[in-house]
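Taken from TrEMBL, the feature repeat 'WD' covers 184-216, 365-406, 407-448, 493-526, 542-576. The feature region 'Disordered' is assigned by TrEMBL to 226-261. Residues or ranges marked as compositional bias 'Basic and acidic residues' in TrEMBL: 228-255. What TrEMBL records for 766-870 is domain 'Small-subunit processome Utp12'.
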Amino acid sequence: MKFAYRFSGLLGTVYRRGNLNFTRDGSCLISPVGNRISLFDLKNNKCETFPLATRHNIVCVGLSPDGRLAILVDEEGAALLVSLIGKSVIHQFHFHKPVHSVSFSPDGKRFVITKDNVALLYYAPGKRREFNAFVLDKTYYGPYDETTCIDWTDDSKCFAIGSKDMSTWVFGAERWANLIYYSLGGHKDIIVACFFEEDSLDLYTVSRDGALCVWQCDTELDGLKPMPPKEARQKNRVKDDDGFLEEPKGEEIHGKANPNEQEIREKVKYTRVAKYFFNKEGDFNNLTSAAYHKKTHLLVTGFASGIFHLHELPDFNLIHSLSISDQRIASISINSSGDWIAFGCSGLGQLLVWEWQSESYVLKQQGHFNSMVSLAYSPDGQYIVTGGEDGKVKVWNTSSSFCFVTFTDHSSGVTAVTFTSSGYVILSASLDGTVRAFDLHRYRNFRTFTSPRPSQFSCLAVDSSGEIVSAGSQDSFEIFIWSMQSGRLLDVLSGHEGPISSLSFNPMKCVLASGSWDKTVKLWDMLDSWRTKETLMLNSDVLVVAFRPDGKELAVASLNGQITFWDHENAVQVGSIEGRHDLQMGRKELDKITAKQSAKGKSFTTLCYSADGQSILAGGLSKFVCIYNVKEQILMKKFEISCNFSLDAMEEYLDRRKMTEFGSMALIDEGAGDEDGVAIPLPGVKTGDMSSRHFKPEIRVTCLRFSPTGRSWAATTTEGLLIYSLDSGLIFDPFELDIDVTPSNIRKKLHQKEYTMAIVMALKLNEKKLIQEVIEAIPGNEVDVVCSSLPDLYVEKVLEFLASAFEISCHLEFYLIWAHKLLMLHGQKLKTRSQKLLPMIQFLQKSIQRHFEDVSKLCEWNIYNIKYALAISQQRGMKRVAETSVDEDDLESSDSDYLMQEVHSDNFSS
């Protein structure tokens with residue numbers, strides 16, 4: 001098995017903190033999720049997480065006007081220059097202090113970042129290669145407190161910054177003769193946002209207490225006069241107290257809040273023409289975020305209560321007001337057309353896109369509020385279900401990465417989730433003492449299984465037929481068995497002397513394995529009245545059990561860090577892996593012992609066999625996921641699931657700089673009262689109280705599952721739901737290659753119409769594009785002959801190629817003919833190797849099923865339209881028939897009257 005698994009997606013987390021950005025065309029939204037960024041394609045209903053990460057959580061994102069570059073800045077001030085086209089890191093830079101905001105100029109030539117009370121103007125990276133992509137141009141001083149926001153004029157001549165000292169400063173990007181700096185007051189609270197009017201120096205400023213000031217400038221943008229050229233100041237490197245070299249400060253501009261009359265003579269002047277107040281509806285309902293669309297003059301403001309307002313400026317007319325959450329709105333963004341408004345709520349991890357004109361949601365996504373605990377793949381690998389400590393069960397589409405249904409029936413944390421073999425029923429166990437079954441057709445909870453006396457369920461399993469449901473209790477040490485059909489409790493299995501930690505049904509036989517903290521694994525025979533078939537004794541508490549897909553082997557992870565493999569038929573141990581050292585624990589900030597020492601008491605808490613059963617995935621309280629070869633019992637690869645140092649237990653060694661004579665600096669809560677981080681206020685306490693305390697979530701892997709297709713595996717972690725997929729495009733992996741197998745020879749055979757030879761040679765070279773070229777060049781009437789003459793060894797490889805081709809190709813019917821012919825001609829031979837080929841067949845089924853659902857929806861819609869058109873035409877036809885019959889009746893009556901008159905006249909003449 002090849003281990004070319006690469007990070008391919010992050011599900012379960014749609015927004016953490018930081019600012020949202022729409023792309024240039026307005027159809028895609030970029031959202032920071034922890035230390036990564038996700039791109040939401042709103043038109044094609046897809047989400048993609050970029051395969052790059054910062055070392056801490058991202059706090060601000062700056063997007064270039066052409067949509068090609070982005071600057072990501074994390075909590076510590078480290079920045080990444082990212083190509084949005086290549087999805088790769090171009091340059092790394094460190095600003096040495098936390099950055100509050102970053103913004104590109106509209107012409108894309110410069111960008112401004114704000115840190116502390118300083119604004120730094122940099123030259124934007126160009127299209128040519130440069131040694132240093134970030135070149136400092138000017139440093140602006142003026143505010144006395146930290147800066148909060150930035151906005152540019154449309155012609156990139158000036159920019160404005162807001163500050164926590166309740167002032168707003170307008171600076172010239174160049175040294176204009178009549179505008180170098182200008183300070184604006186008028187507010188009584190922190191400036192949340194400032195906006196220039198379109199093609200003007202007129203300004204709007206919004207503060208946290210819900211006040212809006214309208215400032216009018218006496219000069220137009222064209223009226224800015226360039227300053228006479230002066231000698232360029234020498235830029236020297238300045239050493240700080242620690243001896244480190246800082247970046248050159250460039251030209252320094254020092255602003256004064258109260259300049260004298262001589263300094264303001266013949267300068268630009270601002271006048272406050274209006275001041276408006278928002279209806280906040282409460283003393284603690286502060287204004288938290290704002291966005292302004294210059295073309296439509298639309299101002300959107302978000303509040304701490306989750307309400308947002310839409311106003312039209314400059315008249316301050318209220319257009320719309322709506323409550324979208326019960327948490328503070330942390331970020332707002334408007335797309336280029338002004339139709340869609342994006343909202344990010346960091347408290348609950350919500351991301352919403354609202355179309356204000358039609359008053360409808362374009363996107364409404366929310367991750368799990370607390371940690372994810374468990375996950376399960378659907379049998380075809382199309383869907384993933386996750387359960388979290390917030391009591392929610394969410395179902396995600398693996399191709400779009402969107403959650404399409406959320407079940408909120410549980411009243412406590414969900415501990416386990418699973419699909420039945422049909423793929424249309426989801427089961428979840430919870431600490432609220434219920435096991436619930438959800439229907440994916442009608443999206444409802446149609447069965448609720450309970451125990452005779454209240455129990456907290458810690459694990460769940462369902463048999464291969466989907467008829468028998470079992471759940472283990474962590475307080476009564478019993479296993480409960482229910483019937484899915486009737487919902488009745490069938491049996492209660494007793495025998496364990498400790499909490500039940502894990503359950504697993506044998507996929508091939510009616511045998512249930514249960515692991516417990518009493519250091520035993522019991523095997524229960526369903527066909528023999530649930531009697532204990534075997535009891536496997538271990539040296540330590542059992543944490544998790546898992547059957548191999550063929551049901552012939554059982555893997556057990558225990559508290560001493562060992563993974564043991566058992567032949568459960570004969571109750572014989574066939575192997576073991578000492579995995580304690582492979583976990584490689586990190587050191588927590590408050591740990592008194594080293595990471596190496598603390599790892600001795602750690603173990604794997606989740607296990608999962610690969611689809612072919614040759615490997616096993618293992619994870620636990622660590623940032624690593626280990627994959628072992630079962631036969632050789634050796635470590636094949638370690639996956640580092642996160643490099644985010646905003647999480648706890650990431651450091652391998654203690655940071656001596658954080659240690660003082662009184663203990664660790666981590667004990668001091670510096671952020672108490674701020675809205676950043678994860679705050680846990682005491683009951684009844686409002687924001688700003690010193691009793692609110694923060695914590696760093698600890699990195700851990702709670703659940704691992706392999707996709708039935710064998711193409712990917714997923715892990716629920718502190719970061720979210722991570723998916724790793726096989727990246728076959730980056731690996732040259734030839735098969736039975738010889739000297740004559742070259743692309744030119746393959747095309748030569750194809751030209752000579754030796755199709756079978758050409759396809760075999762292409763499969764030997766194993767170049768995906770070449771295989772596609774050969775298969776698509778074969779005429780449709782030759783497919784039957786080529787499939788029948790194809791050697792058995794290559795049938796499997798062609799089917800595997802077809803499965804991957806279905807996902808991207810538009811030649812649906814052509815590839816369906818290939819798949820149909822291959823399965824009809826070679827089906828019996830493939831059946832003998834069904835266990836080995838099962839992942840590949842499931843991958844093929846998943847690809848075909850996805851197309852079937854798309855095409856069937858289209859066909860149903862077309863059938864409906866045709867029926868509607870026929871009904872309309874029939875109705876009109878009947879109407880016409882009725883009209884013609886009326887006309888004929890009139891004609892007949894007139895004819896009869898005429899005949900009567902004729903007869904009457906004849907009689908009269910006679």
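One is the number of the first residue shown, and numbering goes on along the chain from there.
Keep in mind that glycine also has a Cβ here, set from the backbone N, Cα and C atoms.
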Kindly state the mean pLDDT of the repeat 'WD' (365-406) in the predicted structure.
91
Long-range Cβ neighbours of the repeat 'WD' (493-526) (under 8 Å; 6 or more residues past either end)
458-464, 468, 470-475, 477-481, 532-547, 549-552, 554, 556, 558, 566, 568
DSSP puts the residues of the domain 'Small-subunit processome Utp12' (766-870) at 95 helix, 0 strand, 10 coil
Work out, from DSSP, the number of helix, strand and coil residues along the repeat 'WD' (407-448).
0 helix, 24 strand, 18 coil
